[in-house]
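What TrEMBL says about this protein:
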- 173-264: domain 'FecR protein' (DOMAIN)
- 306-374: domain 'Protein FecR C-terminal' (DOMAIN)
- 72-94: transmembrane segment (TRANSMEM)
Amino acid sequence: MDEPELRDLLRRFREGTCTEKEKELLELWFDQTSVQSDWKWTDAQAREHTRQQMLNGIQMQIKETDRHPERLWRYLSVAASVALLMVAGAWWLLHSGNGRDRVADYRQTAVKPGTQQAMLTLSDGSSVLVDGAARGVLSRDGDMTVLKTDQGNLEYRKDSAGRASGGRNTLLVPRGSTFKVTLPDGTVAWINSATRMTYPAGNTGNERLVELSGEAYFEVSPDKKRPFKVLSGGTEIIVTGTHFNVNAYEDEEDVVTTLAEGQVLVSREGKQAVLKPGQQALSNDSGKLTVRGVDVEGSLAWKEGYFVFDDMELRSVMKMIARWYDVQVVYEGDIPPLRFGGTFSKSKDLDGLLSYLGQLSNIHFKQQGKKIMVKQ
């Protein structure tokens, strides 16, 4: 999102003429500003309070910057830094849906399935809202041209006129979205909801290092001289060319690596495991690293547009639902340790899925706008 677009969006936000979609995009810009900082949020309330302070402060400057447009972008950077400094040293929760809850009558507001959204941050710190951009050349970064394809995906292509960049790019895919990107080395990545992925902006160096928080499936371009590495928390996955999935959400206990094709080396705190196709590694902060056989198709079903619950605990089921439909789940009273099985299309509205889960158990689901109340 460039300066004129942001200025216009902020003005319409102040005037109350923003559409719901534009409000979501503005909040996504705010989230990405947070991602670029080293500061962390104490909780969702602190994040929301700071968001309002940022927006209020920015709005107060809009009239002044209208007379001096060149000052706006500089002011935005300073405003973001000041607001973030106010909560320095606290803990940031990337995927908190709090602050965006909208309470409404369920009969009036059906929660729809996710879409294809992402924000790209280039090595110079500038950001682009991909879903709002036109098809074609999106940007240039070093010796790479970043394209938005006709399908709405991102693709990096070599630009002979540019100079190789040692920088890194970041893709932020919010709750309620998935995204696909072809990286500079030719590796294709499918990125799940509520995921942040940082990767090289060019195709140089002795290794290809990706940092992941969330979930992604990779089809790695073979290159034995330059291993492809994924870092998720304290887990490192190393491959040369293969197909695999990494589930590494911050609110989950384990980093789960599933191999579909080829071979990967998974390491955690001095322990190592080599996976074969059809195997899955589970690792966590306690130093655990275990390997088990798994239904690969079930583990990768999210990429094909399905939920697959294989004897899955209710709370794990609801985490998946919350990420895809961008809702908050609240539990009322004691909830028994129920498990669910089944395959469900992610293209269906939320009410149908909750209705089916309710029929399978004695659990009641009540929807209030973007909040789901769960009770026995």
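Each Cβ is built from the backbone N, Cα and C atoms, and glycine gets one as well.
Because TrEMBL annotations are produced automatically, they should be read as predictions rather than curated entries.
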Number of helical, extended and coil residues in the domain 'Protein FecR C-terminal' (306-374), per DSSP: 22 helix, 29 strand, 18 coil
Helix-strand-coil residue split for the domain 'FecR protein' (173-264), DSSP-based: 0 helix, 52 strand, 40 coil
